[in-house]
């Protein structure tokens, strides 16, 4: 595994609403750990989008090759800069469904195009299929830093307002994952008639 450079980690995993100066393009990076249920690390790597192939699809290919033994259970933790698009969400659900010996958890730094219905549906589909999607907060950023960054033995230094940004993104994800039936009931309870 080639560890991420510190500057790449801070720029790409930064959860600020706006890119700080100097401006740069935020790309998708996916860092994952493949472990046995008792915690033994089998493999870890950092992936990113490649020529019209999303990082999630590269991840599926890698995991397929590493987990051929279906008698062995595996746990996978993913740290990703952007939450999956609807297509990748669908592919991840199908992959985990076809491989019941795998357990997958996703931690996203930011929500990708979260205001669009299809992207919200993708997140709901992951959640309903038993693939938890959560927002990265300080412990996840620290773990990602320790395991995937060439940090030269320096500890993670949170950027300003990291906690506030995480809480804001978590609230948004919570609203997306709230079943619509609950919202309908809330409107009925308003008794606007």
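Yeah, the Cβs are placed from backbone N, Cα and C, and that goes for glycine too.
If you look up Swiss-Prot, you'll see 24-126 marked as domain 'CMP/dCMP-type deaminase', on the strength of sequence analysis. Annotation comment: Swiss-Prot describes 54, 85, 88 as Zn(2+) binding site, evidence class sequence analysis. Here Swiss-Prot flags 56 as active site, proton donor.
Local packing around the Cβ, expressed as the count of other Cβ atoms within 10 angstroms, is greatest for 88 among the binding-site residues 85, 88. For residue 56 (active site, proton donor), the Cβ neighbour count at a 10 Å cut-off comes to 24, with all displayed protein chains included. Around residue 54 (Zn(2+) binding site), taking its Cβ as the centre, 20 other Cβ atoms fall within 10 Å, counting all chains. Under DSSP, residue 88 (Zn(2+) binding site) is assigned to a helix (H, G or I) in the three-state scheme. Taking the domain 'CMP/dCMP-type deaminase' (24-126) as a whole, pLDDT averages 95 in the prediction. With DSSP classes pooled into helix, strand and coil, the tally for the domain 'CMP/dCMP-type deaminase' (24-126) is 35 helix, 35 strand, 33 coil. The distance from the Cα of the residue listed as 'active site, proton donor' to the Cα of residue 88 (Zn(2+) binding site) comes to 6 Å.
Cβ proximity to the Zn(2+) site centre (mean Cβ of 54, 85, 88, cutoff 8 Å) flags the following additional same-chain residues: 28, 55, 56, 57, 84, 86, 87, 89, 91.
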